[in-house]
Amino acid sequence: MPKRTDLKSVLVIGSGPIVIGQAAEFDYSGTQAIRVLKEEGVRVVLVNSNPATIMTDPELADATYVEPITPAVVAKIIEKERPDALLPTLGGQTALNTAIALDKDGVLERFGVELIGANIEAIELGENRELFKGVVERAGGESARSHIVHTMEEALAAVEDLKYPVVVRPSFTMGGLGSGMAYDEADLYRICGAGLQYSPTSEVLLEESILGWKEYELEMMRDKNDNVVVVCSIENVDPVGVHTGDSITVAPAMTLTDREYQKLRDISINVIREVGVDTGGCNIQFAVNPVDGRVVVIEMNPRVSRSSALASKATGFAIAKIATKLALGYTMDEIPNDITQKTPASFEPVLDYVVVKVPRFAFEKFPAADPTLTTTMKSVGEAMAIGRNFTEALQKALRSLEQKGSELAFPQDADPQALLAAASTATTDRLSQTQQALYAGATIEEAFEATAIDPWFLDQFVLINEVADEIRDAEVLDEALLRRAKRHGFSDAQIGSLRHMDAAVVRGVRHALGVRPVYKTVDTCAAEFEAFTPYRYSSYDLETEVAPHEGESVIILGSGPNRIGQGIEFDYSCVHATMALREAGYETVMVNCNPETVSTDYDISDRLYFEPLTLEDVLEVIAAEEASGGVRGVFVQLGGQTPLKLAQQLADAGVPILGTSPAAIDLAEHRGEFALVLERAGLVAPKNGTAVSFDDAKRVADEIGYPVLVRPSYVLGGRGMEIVYSEEALAHYVAHATEITPDQPMLVDRFLEDAIEIDVDALYDGTELYLGGVMEHIEEAGIHSGDSACVLPPVTLGPDVLERVHRATERIAAGVGVRGLINIQFALASDVLYVIEANPRASRTVPFVSKATGVQLAKAAARIGVGESIADLRAAGMLPTAYDGGTLPIGAPVAVKEAVLPFTRFRTAEGRVVDSLLGPEMRSTGEVMGIDKHFDTAFAKSQSAAGGPLPTSGRVFVSVANRDKRTLVGQAKRLVDLGFQVVSTGGTAEVLRRNGIPAEVVAKIADAGHEDGAGTVLEQLHAGTVDLVLNTPSGGDARTDGYEIRAAATSLGVPVITTTAEFGACLQAIEAMRSYEWSVTSLQEHDARLQQAVAGPEAAA
């Protein structure tokens, strides 16, 4: 059947900010969907609050709303745009929950909007645990024994029947939020209490424990003619009990017998039919008891999910693209496969390789968090690798993580029993502990007993260990041994450490013996048909599939797995660079290993190499490209710190680096040399010094005065940074933080209190500067720029300051020798402009600045990298001629970027949320943007989009450090004028009352029960009578009362503000929300407004 012709306009809901459990994979899915809709002639309206996405590029959809994804806001967009249909299956749980709310509120019916891709009934059947149980039964499957509960009393009764341990799963949450394993009553109160709160329907499923069973997923698609295909089977290496997003997974499933696979397949097909998914995809999770083979259906997602992105990249089968076509009414046999161009989508993909995905965690950012892996997802990113066998794919995936100690090691003196005891608890180290225990002499039976990891995988670890012994014991590294090692995924560095030689020496020997990888193709059909999209992976096989190409290629190194400090923003710059270079006629090559991202889509670049971003793997890709037609050069400054770290080594190997040279990159990172650049430019940095020991650091701190900011050299995301107020704190820091970069000295800077921090993104071509944007931070200096809210254009900086910023940026760019993008952080204190740091690369603010000013900076940077000038780009229309981002006219729209933080995901071993206090080390996973005519409404939108809409009435708890009390008086007066009740502890309340401000006193936590019936702030928070918390930490109480209050508020979803600067902005936003209703405006309309403001009132007339 051909597509429907009645759908002229479709609203797509994105997934919003990157959070744990819902990440870049939805930008990848959404971007594909929008492209399909446009190709089919449909008008596309998009709502997504995340500016760091490709899908929110104004060129993609017809109307792009970077607005909060709340039912009320989406209803306004529907009222304004009047779409025919809503496609909610590509924006994760956020989009599904919003669609359900719009349906319940009657909005869809009122405006005649049809839901496509999934119907409400199918969503309810798939997501509602009680209804889904019935579905499984009717489909001939079995569910774990369970009870649905809505209160703690019901939960306690259910446990009488199920017995401990029980699994707790809330309805309608994603990434396992609020779920966990309860071993006793205390656990049940803690986990089930949180689960009832996180579930929008206050509904929780308690089920019998299936801990230690094997876990599988099937990725399915079905069309309206009842054609069903299984796109991919995925097996978790970790047994049930670890969230699938935190587990190492492998595709295709390795340990299923054919009969077991057919059983799972039959159940899946029956379930997808029973649920009624008839125009799209879903994934179904199973548990299989290794003892008796009993199969239990765990759950399904009636939408495109994290697993769909993995399955798409693993198979080359574009699930999101095909799901969108199905939603438009096509059937599978009518949709051609892009890769083969001969087979339809109804052909199930066939794999002649193995894919392994390994999660990446960020526990180092939350030292207080419990690192045990449970059913609540905690990983912040993932790496994927492809090999001809499991061992090769696993070892490639592990080295793709780029974390110290992520590659398998082979210590000869380990205690197998101690390692197995450690491995019996699921943590990030379980895989290496198990492999090393086997290396040290543990048996497969003992390892299975301790970990419940299937013996087939344990046998593969033994095989890797045997090859390691062969490498260690061989008299010489001959060709046969090197080939065997490489076929099992050993890197030159691993071989070197086993042979006590340098990786470069191993590489030399390997090349001399002619042991080089070949590149194979992901083609969906195991080479049965020709593949037209070059999507490659390396293997030490016999023949290569890289075809000769005309013209030299430009290679872009991606940013690897997402992590805190290096996320989707860098992928955005890589994708934009590819687009700009392809438009200019260059052949582009992308090298990356992150399955979630747009950059690893097979049609973004001319060729995609799905490879680890290590020196060894990148040099081999360059060699393959050289051999097949030549390389113009490599871009290293777009993907964050990952490719930047390789710049000098690549240059040393004779690889041409495009854009800013490695010498210039080093100059900006090197303390002493950069100080000379500033000196020559007549600019100042805060007083600073370097230290290699505590005595050194103490001497520098005494010279420049406390507080000081201490950090290691060469880090991204403020890793290991701290503000230190005393000698004791300095001693503690030196004792704990010297491991980060052992060969680099520690940096000690004077910390500027109460300074305004300014962030600048600019382009420089060697003669001319284009100032991309000047952002003013809302919090004072001292909070990492990635965690701080910022506004563009600045709201309190005068033209003279902007002129000084422009001059300083130009002098630094020229002094460093930048060709392309540079990001500089300034601090303005007592009217002195200090230079904090300069990064000659794409920064995490590039997407935000590009969206706010309507100028694609990363595209322009790529063109400068291949030799074009800013003047050329102005002439070509890529950069504006009349203005730049530092001289935006009055009347330009105001954009606010706000960080989104993952504190609810991380709990201490006692089960409390980790502290939400911000500092110089970055902790946010994502960002949102609020954009409007004025700052106050733009800021209000950013807070709503970040998940904590500000209250417009109610009770506000305030408790501030002494240094903030003067500021608080004015702010509290405004609160009272707005009709809020102010609640405070003794000291702060006394100050407020002396200034004529009524304040209700509550007891400090330590004084619980001592005051006359006032109750503590914690009791009031739990009773739901506090709507907003302002708590700024003082040196002493930061870890006691303050922490308890912030942790309780965070876990209860009450907005917590930790600086008076941000609280001031919140007050403006609350006033704006009270006085008028905000409107929704598309990016395209904002851009038109900006052009109108530039042209001036005459043009408008």
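A Cβ is built for glycine as well, from the same backbone N, Cα and C atoms used for every other residue.
Sequence annotations record features per position, and here Swiss-Prot assigns region 'Carboxyphosphate synthetic domain' to 1-402. Swiss-Prot lists R129, R169, G175, G176, E208, I210, E215, G241, V242, H243, Q285, E299 with the feature ATP 1 binding site. Positions annotated as domain 'ATP-grasp 1' by Swiss-Prot: 133-328. What Swiss-Prot records for Q285, E299 is Mn(2+) 1 binding site. According to Swiss-Prot, the Mg(2+) 1 binding site annotation covers Q285, E299. What Swiss-Prot records for E299, N301 is Mg(2+) 2 binding site, and it gives sequence analysis as the kind of evidence. Swiss-Prot lists E299, N301 with the feature Mn(2+) 2 binding site. Per Swiss-Prot, region 'Oligomerization domain' is recorded for 403-544, and the stated evidence type is sequence analysis. The region 'Carbamoyl phosphate synthetic domain' feature in Swiss-Prot is assigned to 545-947; the stated evidence is sequence analysis. What Swiss-Prot records for 675-866 is domain 'ATP-grasp 2', and it gives sequence analysis as the kind of evidence. Feature annotation from Swiss-Prot assigns ATP 2 binding site to R711, R750, L752, E757, G782, I783, H784, S785, Q825, E837. Per Swiss-Prot, Mn(2+) 3 binding site is recorded for Q825, E837, and the stated evidence type is sequence analysis. The Mg(2+) 3 binding site annotation in Swiss-Prot covers Q825, E837, and the record cites sequence analysis as its basis. The annotation Mn(2+) 4 binding site is assigned in Swiss-Prot to E837, N839. Feature annotation from Swiss-Prot assigns Mg(2+) 4 binding site to E837, N839; the stated evidence is sequence analysis. The region 'Allosteric domain' annotation in Swiss-Prot covers 948-1101 and is backed by sequence analysis. Among the features that Swiss-Prot reports, domain 'MGS-like' is placed at 948-1093, with the record citing sequence analysis.
Location within the structure of each feature annotated in Swiss-Prot.
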{"residue": "R129", "record": "ATP 1 binding site", "DSSP (3 states)": "helix"}
{"residue": "E208", "record": "ATP 1 binding site", "DSSP (3 states)": "strand"}
{"residue": "E215", "record": "ATP 1 binding site", "DSSP (3 states)": "strand"}
{"residue": "V242", "record": "ATP 1 binding site", "DSSP (3 states)": "coil"}
{"residue": "Q285", "record": "ATP 1 binding site", "DSSP (3 states)": "strand"}
{"residue": "E299", "record": "Mn(2+) 1 binding site", "DSSP (3 states)": "strand"}
{"residue": "L752", "record": "ATP 2 binding site", "DSSP (3 states)": "coil"}
{"residue": "Q825", "record": "ATP 2 binding site", "DSSP (3 states)": "strand"}
{"residue": "E837", "record": "Mn(2+) 3 binding site", "DSSP (3 states)": "strand"}
Protein Cβ atoms within 10 Å of N839 (Mn(2+) 4 binding site), excluding its own:
23
Within the region 'Oligomerization domain' (403-544), count helix residues (DSSP H, G, I), strand residues (E, B) and coil residues, in that order.
72 helix, 10 strand, 60 coil
Over all shown protein chains, what is the count of other CB atoms within 10 A of the CB belonging to E215 (ATP 1 binding site)?
23
What is the total of other Cβ atoms whose distance to the Cβ of Q825 (ATP 2 binding site) is within 10 Å?
19
Of the residues in the domain 'MGS-like' (948-1093), how many are helix, strand and coil by DSSP?
76 helix, 19 strand, 51 coil
Across the domain 'ATP-grasp 1' (133-328), average pLDDT on the 0 to 100 scale:
88
Spatial neighbours of E837 (Mn(2+) 3 binding site) among the binding-site residues V242, Q285, E299, N301, Q825 [C-alpha, 10 Å]:
Q825
Which one is it, among the binding-site residues V242, Q285, E299, N839, that lies nearest to L752 (ATP 2 binding site) by Cα separation?
N839
Between the binding-site residues V242, L752, where is the Cβ count within 10 Å the lowest?
L752
Calculate the distance in Å between the alpha carbons (Cα) of V242 (ATP 1 binding site) and E299 (Mn(2+) 1 binding site), and round it to a whole number.
14
In sequence order, the binding-site residues (E299, N301, R711, H784, N839) whose C-alpha falls within 10 A of R129 (ATP 1 binding site):
E299
Where the distance is taken from Cα to Cα, which of the binding-site residues R711, H784, Q825, N839 turns out closest to E208 (ATP 1 binding site)?
H784
Near N301 (Mg(2+) 2 binding site), meaning Cα within 10 Å, which of E215, R711, H784, Q825, N839 (binding-site residues)?
none
Which has the fewest other CB atoms in a 10 Å radius around its CB: Q285, N301, the listed binding-site residues?
Q285
From the Cα of R711 (ATP 2 binding site) across to the Cα of E215 (ATP 1 binding site), what is the distance in angstrom?
42
